[in-house]
Amino acid sequence: MQSIPIKNVGTDNISQLIDRFERQYVYLRLSITDVCNFRCNYCLPDGYKPPSHKQQFLSVSEIQRVVRAFADLGTEKVRITGGEPTLRKDFLEIAHTVSQTNGIKKVALTTNGYRMERDIDLWQQAGITDINVSVDSLDTRQFQLITGENKLQSILKGIDRAFEIGYRKIKVNAVLMKQYTAPELDKFLVWIKDKPIQMRFIELMETGEMDSFFQAQHLSGQSVMQRLLQEGWQLQPKALSDGPAKVLSHPDYQGEIGLIMPYEKNFCASCNRLRVSALGKLHLCLFGEEGIDLRDLLSEDTQQAQLEARLKAALQGKREHHYLHIGDSGIRNNLASIGG
(Lines of atoms letter the chains of each structure in order from A and count residues from 1; the text may use other names and numbers.)
(Lines give C-alpha, C1' and ligand atoms only; values in the text may rest on other atoms or scores of the structure.)
Protein backbone atom coordinates (compact mmCIF):
# COMPACT_ATOMS: atom_id res chain seq x y z
CA MET A 1 0.00 0.00 0.00
CA GLN A 2 1.16 3.52 -0.73
CA SER A 3 2.71 5.27 2.27
CA ILE A 4 2.07 8.88 3.21
CA PRO A 5 4.96 11.28 3.76
CA ILE A 6 4.77 13.48 6.83
CA LYS A 7 5.98 17.03 6.58
CA ASN A 8 8.54 18.12 9.16
CA VAL A 9 6.73 21.16 10.53
CA GLY A 10 8.56 23.47 12.89
CA THR A 11 6.88 24.94 15.97
CA ASP A 12 7.52 28.01 18.06
CA ASN A 13 7.80 25.85 21.18
CA ILE A 14 9.11 22.33 21.33
CA SER A 15 6.28 20.24 22.71
CA GLN A 16 6.80 18.68 26.10
CA LEU A 17 3.91 16.29 25.48
CA ILE A 18 5.82 13.30 24.12
CA ASP A 19 4.92 9.74 25.05
CA ARG A 20 7.04 6.60 25.54
CA PHE A 21 6.77 5.84 21.83
CA GLU A 22 8.11 9.29 20.86
CA ARG A 23 4.77 10.51 19.56
CA GLN A 24 4.36 14.27 19.88
CA TYR A 25 1.01 15.76 20.93
CA VAL A 26 0.10 19.18 19.54
CA TYR A 27 -3.66 18.67 19.15
CA LEU A 28 -6.36 18.77 21.85
CA ARG A 29 -9.91 17.57 21.26
CA LEU A 30 -11.99 19.35 23.88
CA SER A 31 -15.56 18.20 24.49
CA ILE A 32 -17.75 20.86 26.11
CA THR A 33 -21.00 18.86 26.32
CA ASP A 34 -22.25 15.34 25.70
CA VAL A 35 -25.72 16.59 24.76
CA CYS A 36 -26.73 16.11 21.12
CA ASN A 37 -30.02 16.98 19.43
CA PHE A 38 -29.61 14.51 16.53
CA ARG A 39 -30.50 10.82 16.67
CA CYS A 40 -27.95 9.37 14.27
CA ASN A 41 -28.49 5.66 13.74
CA TYR A 42 -24.77 4.91 14.16
CA CYS A 43 -24.36 6.84 17.42
CA LEU A 44 -27.51 7.77 19.39
CA PRO A 45 -30.42 6.09 17.57
CA ASP A 46 -32.73 6.60 20.56
CA GLY A 47 -31.63 10.19 21.11
CA TYR A 48 -29.69 11.74 23.97
CA LYS A 49 -30.65 10.43 27.38
CA PRO A 50 -29.45 12.56 30.29
CA PRO A 51 -27.91 10.67 33.21
CA SER A 52 -29.93 10.19 36.37
CA HIS A 53 -27.49 12.36 38.32
CA LYS A 54 -26.93 15.98 37.32
CA GLN A 55 -23.67 16.65 35.47
CA GLN A 56 -21.83 19.95 35.57
CA PHE A 57 -19.91 20.53 32.37
CA LEU A 58 -16.64 22.45 32.36
CA SER A 59 -17.11 26.18 32.94
CA VAL A 60 -15.50 28.84 30.75
CA SER A 61 -12.83 29.50 33.39
CA GLU A 62 -12.05 25.79 33.70
CA ILE A 63 -11.81 25.52 29.92
CA GLN A 64 -9.48 28.51 29.87
CA ARG A 65 -7.17 26.86 32.41
CA VAL A 66 -7.02 23.47 30.72
CA VAL A 67 -6.38 25.00 27.28
CA ARG A 68 -3.71 27.29 28.72
CA ALA A 69 -1.91 24.30 30.25
CA PHE A 70 -2.00 22.35 26.99
CA ALA A 71 -0.80 25.40 25.05
CA ASP A 72 2.08 25.87 27.49
CA LEU A 73 3.08 22.27 26.75
CA GLY A 74 3.17 22.83 22.99
CA THR A 75 -0.43 22.29 21.86
CA GLU A 76 -1.20 24.43 18.81
CA LYS A 77 -4.62 23.20 17.73
CA VAL A 78 -7.82 22.80 19.73
CA ARG A 79 -10.92 21.16 18.33
CA ILE A 80 -14.14 21.96 20.18
CA THR A 81 -16.48 18.97 20.14
CA GLY A 82 -19.52 17.59 21.93
CA GLY A 83 -22.09 16.08 21.77
CA GLU A 84 -23.13 19.09 19.79
CA PRO A 85 -21.00 21.95 21.14
CA THR A 86 -23.10 24.77 19.69
CA LEU A 87 -26.00 23.80 21.96
CA ARG A 88 -24.19 25.41 24.88
CA LYS A 89 -25.48 28.93 25.50
CA ASP A 90 -21.94 30.11 26.20
CA PHE A 91 -20.45 28.46 23.10
CA LEU A 92 -19.33 31.75 21.52
CA GLU A 93 -17.64 32.80 24.75
CA ILE A 94 -15.87 29.44 24.92
CA ALA A 95 -14.69 29.71 21.31
CA HIS A 96 -13.40 33.24 21.89
CA THR A 97 -11.62 32.22 25.09
CA VAL A 98 -9.86 29.31 23.38
CA SER A 99 -8.90 31.43 20.37
CA GLN A 100 -7.31 34.09 22.59
CA THR A 101 -5.03 31.60 24.36
CA ASN A 102 -1.34 32.24 23.69
CA GLY A 103 0.14 29.50 21.52
CA ILE A 104 -3.13 28.27 20.03
CA LYS A 105 -3.00 28.75 16.27
CA LYS A 106 -6.11 26.85 15.17
CA VAL A 107 -9.52 26.57 16.80
CA ALA A 108 -11.60 23.99 14.97
CA LEU A 109 -15.25 23.09 15.51
CA THR A 110 -16.94 19.75 14.93
CA THR A 111 -20.68 20.25 14.52
CA ASN A 112 -23.78 18.53 13.21
CA GLY A 113 -24.54 21.80 11.43
CA TYR A 114 -27.92 22.33 13.08
CA ARG A 115 -27.17 26.02 13.72
CA MET A 116 -24.59 26.59 11.00
CA GLU A 117 -26.75 28.56 8.56
CA ARG A 118 -27.88 30.89 11.34
CA ASP A 119 -24.65 31.30 13.30
CA ILE A 120 -21.67 30.72 11.00
CA ASP A 121 -20.82 34.45 10.92
CA LEU A 122 -20.80 34.55 14.72
CA TRP A 123 -18.59 31.47 14.88
CA GLN A 124 -16.04 33.14 12.65
CA GLN A 125 -16.12 36.33 14.74
CA ALA A 126 -15.57 34.27 17.90
CA GLY A 127 -12.36 32.82 16.47
CA ILE A 128 -13.33 29.51 14.87
CA THR A 129 -10.73 28.98 12.14
CA ASP A 130 -11.74 25.53 10.87
CA ILE A 131 -15.06 23.69 10.64
CA ASN A 132 -15.98 20.03 10.35
CA VAL A 133 -19.67 19.40 9.71
CA SER A 134 -21.45 16.07 9.37
CA VAL A 135 -23.32 15.31 6.15
CA ASP A 136 -24.02 11.58 5.98
CA SER A 137 -26.19 11.83 2.87
CA LEU A 138 -26.94 14.34 0.11
CA ASP A 139 -30.46 12.98 -0.21
CA THR A 140 -32.94 14.86 1.99
CA ARG A 141 -35.01 11.83 2.96
CA GLN A 142 -31.98 9.63 3.51
CA PHE A 143 -30.36 12.32 5.65
CA GLN A 144 -33.44 12.49 7.85
CA LEU A 145 -33.54 8.71 8.08
CA ILE A 146 -29.94 8.63 9.33
CA THR A 147 -30.03 11.65 11.67
CA GLY A 148 -33.66 12.01 12.68
CA GLU A 149 -33.60 15.66 11.53
CA ASN A 150 -34.80 17.34 8.33
CA LYS A 151 -31.89 19.80 8.24
CA LEU A 152 -29.88 18.87 5.14
CA GLN A 153 -30.77 21.92 3.04
CA SER A 154 -30.07 24.29 5.93
CA ILE A 155 -26.68 22.65 6.51
CA LEU A 156 -25.77 22.92 2.82
CA LYS A 157 -26.69 26.61 2.91
CA GLY A 158 -24.49 27.00 5.97
CA ILE A 159 -21.56 25.46 4.12
CA ASP A 160 -22.09 27.82 1.18
CA ARG A 161 -22.25 30.75 3.60
CA ALA A 162 -18.95 29.68 5.16
CA PHE A 163 -17.27 30.02 1.77
CA GLU A 164 -18.92 33.40 1.23
CA ILE A 165 -17.43 34.84 4.43
CA GLY A 166 -13.91 33.60 3.76
CA TYR A 167 -13.45 30.03 4.91
CA ARG A 168 -11.09 28.52 2.34
CA LYS A 169 -11.91 24.88 3.07
CA ILE A 170 -14.67 23.06 4.92
CA LYS A 171 -14.28 19.49 6.10
CA VAL A 172 -17.41 17.39 5.76
CA ASN A 173 -17.71 14.13 7.69
CA ALA A 174 -19.75 11.10 6.66
CA VAL A 175 -19.72 7.76 8.43
CA LEU A 176 -19.02 5.03 5.90
CA MET A 177 -21.92 2.55 5.92
CA LYS A 178 -22.79 -0.18 3.42
CA GLN A 179 -26.48 0.68 3.18
CA TYR A 180 -26.36 4.45 3.37
CA THR A 181 -23.12 6.24 2.51
CA ALA A 182 -21.32 3.88 0.15
CA PRO A 183 -24.01 3.99 -2.59
CA GLU A 184 -23.74 7.80 -2.62
CA LEU A 185 -20.00 7.98 -3.27
CA ASP A 186 -20.48 9.18 -6.85
CA LYS A 187 -22.91 11.86 -5.69
CA PHE A 188 -20.40 13.12 -3.11
CA LEU A 189 -17.67 13.22 -5.78
CA VAL A 190 -19.85 15.38 -8.04
CA TRP A 191 -20.59 17.69 -5.10
CA ILE A 192 -16.93 18.38 -4.31
CA LYS A 193 -15.73 18.69 -7.90
CA ASP A 194 -16.02 22.48 -7.88
CA LYS A 195 -16.08 23.16 -4.13
CA PRO A 196 -13.08 23.32 -1.73
CA ILE A 197 -14.57 20.63 0.50
CA GLN A 198 -12.55 17.86 2.08
CA MET A 199 -15.08 15.03 2.08
CA ARG A 200 -14.06 12.68 4.87
CA PHE A 201 -15.37 9.13 5.07
CA ILE A 202 -15.02 7.69 8.56
CA GLU A 203 -15.11 3.95 9.04
CA LEU A 204 -17.93 2.85 11.29
CA MET A 205 -16.46 1.94 14.68
CA GLU A 206 -17.71 -0.78 16.97
CA THR A 207 -18.99 0.54 20.31
CA GLY A 208 -20.71 -1.10 23.22
CA GLU A 209 -24.24 -0.08 22.24
CA MET A 210 -23.99 -0.67 18.49
CA ASP A 211 -22.55 -4.16 17.95
CA SER A 212 -25.28 -5.49 15.64
CA PHE A 213 -25.40 -2.25 13.63
CA PHE A 214 -21.62 -2.44 13.20
CA GLN A 215 -21.77 -6.01 11.94
CA ALA A 216 -24.44 -5.11 9.37
CA GLN A 217 -23.02 -1.79 8.15
CA HIS A 218 -19.23 -1.78 8.53
CA LEU A 219 -17.31 -1.20 5.31
CA SER A 220 -13.55 -0.91 5.11
CA GLY A 221 -12.23 2.41 3.88
CA GLN A 222 -9.66 0.48 1.88
CA SER A 223 -12.32 -0.38 -0.69
CA VAL A 224 -12.91 3.33 -1.27
CA MET A 225 -9.17 4.03 -1.25
CA GLN A 226 -8.45 1.46 -3.96
CA ARG A 227 -11.19 2.78 -6.19
CA LEU A 228 -9.97 6.36 -5.86
CA LEU A 229 -6.34 5.44 -6.55
CA GLN A 230 -7.45 3.60 -9.69
CA GLU A 231 -9.30 6.75 -10.80
CA GLY A 232 -6.22 8.96 -10.50
CA TRP A 233 -6.52 10.29 -6.95
CA GLN A 234 -3.22 10.72 -5.12
CA LEU A 235 -2.29 10.59 -1.42
CA GLN A 236 -1.14 13.90 0.07
CA PRO A 237 1.52 14.57 2.73
CA LYS A 238 0.41 15.22 6.30
CA ALA A 239 1.39 18.11 8.57
CA LEU A 240 2.21 17.52 12.24
CA SER A 241 -1.06 18.99 13.54
CA ASP A 242 -3.29 17.21 11.00
CA GLY A 243 -5.88 14.72 12.12
CA PRO A 244 -5.93 11.00 11.30
CA ALA A 245 -7.38 11.22 7.78
CA LYS A 246 -5.48 9.97 4.76
CA VAL A 247 -6.15 12.72 2.24
CA LEU A 248 -6.37 12.24 -1.52
CA SER A 249 -6.56 14.89 -4.22
CA HIS A 250 -7.21 14.82 -7.96
CA PRO A 251 -6.17 17.43 -10.56
CA ASP A 252 -9.74 17.62 -11.89
CA TYR A 253 -11.30 18.27 -8.49
CA GLN A 254 -11.27 21.35 -6.29
CA GLY A 255 -12.29 19.21 -3.33
CA GLU A 256 -10.44 16.41 -1.59
CA ILE A 257 -11.28 13.04 -0.10
CA GLY A 258 -10.22 12.05 3.40
CA LEU A 259 -10.38 8.50 4.73
CA ILE A 260 -10.29 7.74 8.44
CA MET A 261 -9.61 4.04 8.92
CA PRO A 262 -9.07 3.15 12.58
CA TYR A 263 -8.91 -0.59 11.84
CA GLU A 264 -5.92 -0.14 9.56
CA LYS A 265 -2.55 -1.41 10.72
CA ASN A 266 -0.39 1.35 12.24
CA PHE A 267 -3.36 3.74 12.56
CA CYS A 268 -2.10 4.75 16.01
CA ALA A 269 1.53 5.25 14.98
CA SER A 270 0.93 8.89 14.00
CA CYS A 271 -1.40 9.75 16.90
CA ASN A 272 -0.95 13.41 17.83
CA ARG A 273 -4.07 14.19 19.87
CA LEU A 274 -5.37 13.96 23.39
CA ARG A 275 -8.94 14.36 24.59
CA VAL A 276 -10.54 16.15 27.51
CA SER A 277 -14.17 15.35 28.22
CA ALA A 278 -16.88 17.84 29.12
CA LEU A 279 -16.57 16.61 32.71
CA GLY A 280 -12.87 17.41 32.88
CA LYS A 281 -11.33 13.99 32.36
CA LEU A 282 -8.24 13.42 30.25
CA HIS A 283 -8.66 10.55 27.80
CA LEU A 284 -5.47 9.25 26.27
CA CYS A 285 -7.35 7.29 23.61
CA LEU A 286 -10.82 7.43 22.08
CA PHE A 287 -11.14 3.74 22.87
CA GLY A 288 -9.56 3.49 26.25
CA GLU A 289 -9.79 3.95 29.94
CA GLU A 290 -12.18 5.64 32.34
CA GLY A 291 -10.21 8.86 32.08
CA ILE A 292 -7.88 10.77 34.39
CA ASP A 293 -9.61 13.47 36.41
CA LEU A 294 -8.22 16.98 35.94
CA ARG A 295 -11.00 18.94 37.54
CA ASP A 296 -9.44 19.27 40.98
CA LEU A 297 -6.64 21.25 39.31
CA LEU A 298 -8.89 23.61 37.32
CA SER A 299 -10.16 25.81 40.15
CA GLU A 300 -7.29 28.31 40.43
CA ASP A 301 -4.71 29.80 38.09
CA THR A 302 -2.05 28.94 40.69
CA GLN A 303 -2.58 25.22 39.96
CA GLN A 304 -1.23 25.36 36.41
CA ALA A 305 2.16 23.82 37.22
CA GLN A 306 0.45 20.90 38.98
CA LEU A 307 -1.94 20.50 36.06
CA GLU A 308 0.88 20.40 33.53
CA ALA A 309 2.75 17.87 35.65
CA ARG A 310 -0.31 15.62 35.78
CA LEU A 311 -0.75 15.83 32.01
CA LYS A 312 2.86 14.86 31.37
CA ALA A 313 2.77 12.03 33.89
CA ALA A 314 -0.53 10.66 32.56
CA LEU A 315 0.76 10.65 29.00
CA GLN A 316 3.36 8.06 29.91
CA GLY A 317 0.51 5.60 30.44
CA LYS A 318 -0.77 5.93 26.89
CA ARG A 319 -0.84 2.62 25.05
CA GLU A 320 0.94 2.03 21.78
CA HIS A 321 -2.33 1.23 20.00
CA HIS A 322 -6.02 0.54 20.55
CA TYR A 323 -7.57 -2.94 20.48
CA LEU A 324 -10.43 -2.39 18.03
CA HIS A 325 -9.08 -5.14 15.82
CA ILE A 326 -9.99 -7.71 18.49
CA GLY A 327 -13.38 -6.14 19.22
CA ASP A 328 -12.32 -4.19 22.32
CA SER A 329 -13.72 -0.65 22.18
CA GLY A 330 -12.84 0.08 25.81
CA ILE A 331 -15.58 1.68 27.90
CA ARG A 332 -17.05 3.66 25.01
CA ASN A 333 -20.77 2.93 24.64
CA ASN A 334 -21.16 5.67 22.03
CA LEU A 335 -19.04 8.43 20.56
CA ALA A 336 -21.25 11.33 21.67
CA SER A 337 -19.88 11.07 25.19
CA ILE A 338 -16.41 12.20 24.14
CA GLY A 339 -16.81 13.77 20.71
CA GLY A 340 -15.18 11.12 18.52
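Each residue, glycine too, has its Cβ placed from N, Cα and C.
As recorded in Swiss-Prot, the features of this protein are as follows:
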- 20-246: domain 'Radical SAM core' (DOMAIN)
- R29, R79, T110, K171, R273, L274, R275: GTP binding site (BINDING)
- C36, C40, C43: [4Fe-4S] cluster 1 binding site (BINDING)
- Y42, G83, S134, M205: S-adenosyl-L-methionine binding site (BINDING)
- C268, C271, C285: [4Fe-4S] cluster 2 binding site (BINDING)
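Known features from Swiss-Prot, placed on the structure.
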{"residue": "S134", "record": "S-adenosyl-L-methionine binding site", "Cβ contacts under 8 Å, 6 or more apart": "C40, T111, N112, G113, T147, V172, N173, A174"}
{"residue": "K171", "record": "GTP binding site", "Cβ contacts under 8 Å, 6 or more apart": "D130, I131, N132, V133, I197, Q198, R200, G258"}
{"residue": "L274", "record": "GTP binding site", "Cβ contacts under 8 Å, 6 or more apart": "L17, Y25, Y27, L28, R29, F70, L282, H283, L284, L311, L315"}
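Here the domain 'Radical SAM core' (20-246) has a mean pLDDT of 94 out of 100. All protein chains considered, the CB of R273 (GTP binding site) has 19 other CB atoms within 10 Å.
Of all Cβ atoms in the shown protein chains, 26 besides its own fall within 10 Å of the Cβ of G83 (S-adenosyl-L-methionine binding site). Here the candidates are the binding-site residues C43, M205, C285, and by Cα distance the one nearest R273 (GTP binding site) turns out to be C285.
In this structure, C43 ([4Fe-4S] cluster 1 binding site) belongs to neither helix nor strand by DSSP; it is coil. In the three-state DSSP scheme, C268 ([4Fe-4S] cluster 2 binding site) is classed as helix.
Comparing CA positions across the binding-site residues C36, Y42, C271, the one lying closest to T110 (GTP binding site) turns out to be C36.
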